[in-house]
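Student: Per TrEMBL, the feature domain 'FAD-binding FR-type' maps to 272-402. For 23-44, 108-127, 176-199, 211-232, 239-256, the entry in TrEMBL reads transmembrane segment.
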Amino acid sequence: MSWPYEFILDLSPEDKQLRRESIAFYALVAHSSAFAPALAYLLFRLGLTLYTRVRGPASYQFVPGSPVAKARQATSLGGLEARWVRLAWWMSDPVYLFGVHYGHRDEWILGSGWAAWMLLLCVLGTGRDYLHLTKRFGLVAVSQMPIQYLLSLKNLNPFCWVFGSSHEQVNRYHRVLGHIIFALVELHVIFYNIFLISAGKWTSRFFAPDVFAGVVASLAMTSLCTTALSVLRNYSYRLFFIVHVIAALVIPPLIWFHAHSARLYLVEALAVFLIDLVVRRITTITSPATVEVVPGTDLIKIEANLPPATLAKYQASPGSHVYLSLPAESRPSQNLTSKSSLLYEFIYNPFTVASTNSDTNTITLVVRNQAGPLTNRLNMLSASDATVQLNVLGPYGAVSKSISNILNGGFDSVLLFAGGVGATFALPIYRAILHEAPSTRVRLIWAIRSAAEATWATASVSGDAAGDSVLADDNVQLFLTGDMGVHEGGRGGGEGLEMSDMRGGGNHKRPNIGGIVDDTFRTGMHDSVAVMVCGPADMARNVRTSLKVWVNKGRRVWWHDETFGW
């Protein structure tokens, strides 16, 4: 099959206008269709709400875990639910290639479908006109930029609101759409270069202001996508973040001068970017805080004071995290134009809230010193007993959207896995379940390098200082996986923690994840189980592998992975 396109350079003014209208129409379809899934789901929710109101009071709901509820699982409805759970599990499976993680299966399936739709809109109605095809690729790509910016929002994300999701979950599709936009832009660039070279116009047109603005925009997008590669992002997240912010700010103005027909979408994208920036500035709280090092470890403990109304949001969202940054007065240099000070304008690190205290109106963060600019500075600030100023933005967190169901007894059992400072995520949820859903069976498995790393968690399970230590809870099992630095029944490194205090277990080994998961599911053969992990990627992978057997058996499993690097 021969190439169907050719260079048509003798179009009349009327034909050129028709071409412009066709390009604009298909770009508008591409732009509008991005909202179609959200609109359809919103209409479904509204219809369901109206149906519920018209139907009247709901039928009797069986108590979770009751014999009647368990027997229901054998019915056709229960079987349908089990098939849905298996499908959802299959869709959320991670994808690995040569040991490298490349997102999840749902991202690939939905992303491939959207890419196919974009490609279809790029070629429909182009006839044999090569320049029509070339321009169409460019404008369809730009039409997706406002959607791309919306998907990145933390505070005002409409997709989060419609789907009842979180920024962390929606942000996965921000990355997917970014790859699609980049591919369309690169095809636009390649097609145009082929035309300019074939027509003998490359040297005269390449450095023309409008064309060169597009070239620079393409290079900015290439640098953005290159630094977003997992290898480079893990090597220097700071570089990725700085390039990301600068590129997101400069690409719209560059395309503005490159293509007049794209200006509507560029105004949308830039408006979203600037509004988000303003909202973040307004909602960021500059908080007085105390910073100290946990003895015998490389952990840093931070207690930040917040207004009561803000603190209440954190108390209602166990397992949430904040974005921490340094205001001018806490930076190494007080000169705002110095390099060391400007660097902190691009540093917003996420840290999980380990606990809240309504008596002192404080939240506690426990972070590991990773020798980065922020944790190094926090380590230096800990040397002083003086109060320091910190910028706190939050709360955020994917699990906060589902925690109410767990705390209302939506699951018979909850199994929590934590590695290192991942317990800052698991412990607040553990405490909340004990307080809000005492009938729910809950178990916490915590793997740490040394006993000293558990000293920050010696606060009471209930949050009452007169209560028992969380480490004395039989349902909390500690596994010491590194150089312990302590001996059973004795102290080491001045940590002030004895192995005998760990009634839940102070095992000098790694946890048998498969055995722990199997024991949980065998305890209640028809129980629904929520499983959450916050630890190294290997821990999360092993837990998920162990769960797959039970999902395939039709068990109701809810899964959440709050992976971090330790």
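Just so you know, the numbers here start at 1 and follow the chain as drawn.
Backbone N, Cα and C define each Cβ position, glycine as well.
The structure displayed is predicted, hence computed values, not measured ones.
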Student: What mean pLDDT score does the domain 'FAD-binding FR-type' (272-402) have in the model?
Tutor: 90
Student: Taking contact to mean 3 or more CB pairs closer than 8 A (sequence separation of 6 or more), are the transmembrane segment (176-199) and the transmembrane segment (108-127) in contact?
Tutor: yes
Student: At a C-beta cut-off of under 8 Å, are there same-chain residues at least 6 beyond the transmembrane segment (108-127) that contact it? List them, or none.
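Tutor: Contacts with the transmembrane segment (108-127): 5, 22, 26-27, 29-30, 33, 91, 95, 102, 133, 136-137, 140, 144, 173, 176-177, 179-180, 183-184.
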Student: Can you count helix, strand and coil residues in the domain 'FAD-binding FR-type' (272-402) using DSSP?
Tutor: 43 helix, 46 strand, 42 coil
